[in-house]
Every structure is written in C-alpha cells, then in structure tokens.
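Undergrad: Residues or ranges marked as 4-CDP-2-C-methyl-D-erythritol 2-phosphate binding site by Swiss-Prot on the basis of sequence analysis: Asp9, Val10, His11, His37, Ser38. Annotated divalent metal cation binding site per Swiss-Prot: Asp9, His11, His45, in sequence order, evidence recorded as sequence analysis. Summarising the annotation, Swiss-Prot assigns site 'Transition state stabilizer' to His37, Ser136 and lists sequence analysis as the type of evidence.
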Amino acid sequence: MLKIGFGYDVHPFAENRRLILGGVVINHPKGYGLLGHSDGDVFFHALIDSLLGMCGLGSIGEYFPESKEFENISSSILLEKTIDLINKRYIVKINNIDVVIISKSVNISSITGQIKNNTSCILNLEVSRINLKGKSGNGLGVGGNDQGIEVYCTILGEIDEI
C-alpha cells in the first residue's frame, strides 16, 4: 500500500549544547546548540516522526520518552531503533524523502551532502531519494526569528504487513 508520512520538530537554541543536524555537528555563528532531552538532532526527530506516521505507529515520544534511558542519546541511534521497530511489523520501500530545514542563522548548503549520506546509510536508501532544502523563515516563526531550528519532513513509501 502506498502511504505518506509527515513529521515536524522544533528545538530552541541553547548555550553549552552541540548543534547536530542529521548526525552532522555544526558550528553555530554564536556558538549555540539545540536544547533537547536527547542530542537534540531536530532533523532526525522529524524524520523519525515521518517514518512512524507513514506506518501509522504514532510519534517519537511514544517510543523514546524523556527518561534516563534516552537522555543525551544520539538521535542516529533513535532512528536505527525506529527502523528496527518498523521492520518487525512491515516491509517498507521508501520512494522518497523531502525535508525543509528552517533557520535564520544556520545555512545547511555546505552540509547537505553529509546529512543525505548519513540518512542514506541508516535507512539503506539511495542518496538520490533524499531531498533537503534550507529556508531562512523570513523573520517568522522559531526558525525565522532565530530562536531555534524547525524541520518538516515528508516521506512517500510502499508498506506491506509482514
């Protein structure tokens, strides 16, 4: 069955935190990172929600609550755990992933390839099926007002129950 998944996440900037997008550590112009219970990788969090949504399995918080077990955990591990969870119930073939990253101060153009490669490796998916685009937000919203980063993710895939 052809299904679509949609994910969204937002994290505020914070001092004394790392800034990670799609497993890539970035230097923010003001030295900020992203606040979060895990490593705060807002890209992987939106991707996880999109995958779960495509499979009708709820949201990231249902599987990875704010507990000691997941405190400061790498979001790439959370993504791997999500794939394992999905693969126990479904055979999934992802057609494509499309992602919008909104931030006034973080330009993703130099790291798009790295994010796509990281995502491709974890999902075992061709890089050509992953599209990323950065937007400034034009002074609107959390990303546009430079309070944090917002990510929207859409996935189209074929899903069959095991």
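Glycine is treated like the rest: Cβ placed from N, Cα and C.
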Undergrad: Would you list the other residues of this chain near 4-CDP-2-C-methyl-D-erythritol 2-phosphate - those whose C-beta lies within 8 angstroms of the C-beta centroid of Asp9, Val10, His11, His37, Ser38 - in sequence order?
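TA: Near the 4-CDP-2-C-methyl-D-erythritol 2-phosphate site, beyond Asp9, Val10, His11, His37, Ser38, sit Leu34, Leu35, Gly36, Gly40, Asp41, Val42, His45.
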Undergrad: Could you give the Cα-Cα distance between Val10 (4-CDP-2-C-methyl-D-erythritol 2-phosphate binding site) and His45 (divalent metal cation binding site), in whole Å?
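TA: Checking the Cα atoms of Val10 (4-CDP-2-C-methyl-D-erythritol 2-phosphate binding site) and His45 (divalent metal cation binding site) gives a distance of 9 Å.
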Undergrad: So which one is it: of the binding-site residues His11, His37, which has the fewest other Cβ atoms within 10 Å?
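TA: Selected from the binding-site residues His11, His37 on minimum Cβ neighbours within 10 Å: His37.
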Undergrad: Can you check which residues sit near Ser136 (site 'Transition state stabilizer'), meaning Cβ under 8 Å from its Cβ, same chain, 6 or more apart in sequence, and list them in order?
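TA: Residues satisfying the criterion: Ile102, Ser103, Lys104, Gly143, Gly144.
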Undergrad: Which value in Å gives the longest Cα to Cα span across the 4-CDP-2-C-methyl-D-erythritol 2-phosphate site residues Asp9, Val10, His11, His37, Ser38 as recorded?
TA: 13
Undergrad: Nearest of the binding-site residues to His45 (divalent metal cation binding site) by CA-CA distance, picking from Asp9, His11, His37, Ser38?
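TA: Sorting the binding-site residues by distance from His45 (divalent metal cation binding site), the top entry is Asp9.
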Undergrad: DSSP secondary structure for Ser38 (4-CDP-2-C-methyl-D-erythritol 2-phosphate binding site), reduced to helix/strand/coil, please.
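TA: Looking at the DSSP assignment, Ser38 (4-CDP-2-C-methyl-D-erythritol 2-phosphate binding site) belongs to neither helix nor strand, so coil.
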Undergrad: Do any residues at least six apart in sequence from Ser38 (4-CDP-2-C-methyl-D-erythritol 2-phosphate binding site), in the same chain, have a Cβ closer than 8 Å to its Cβ, and if so which, in order?
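TA: Result: His45, Phe64, Phe70, Glu71, Asn72, Ile73, Ser74, Ser75, Leu78.
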Undergrad: Among all protein chains shown, how many Cβ atoms are found within 10 Å of the Cβ of Val10 (4-CDP-2-C-methyl-D-erythritol 2-phosphate binding site), not counting that one?
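TA: Val10 (4-CDP-2-C-methyl-D-erythritol 2-phosphate binding site): 18 neighbouring Cβ atoms within 10 Å.
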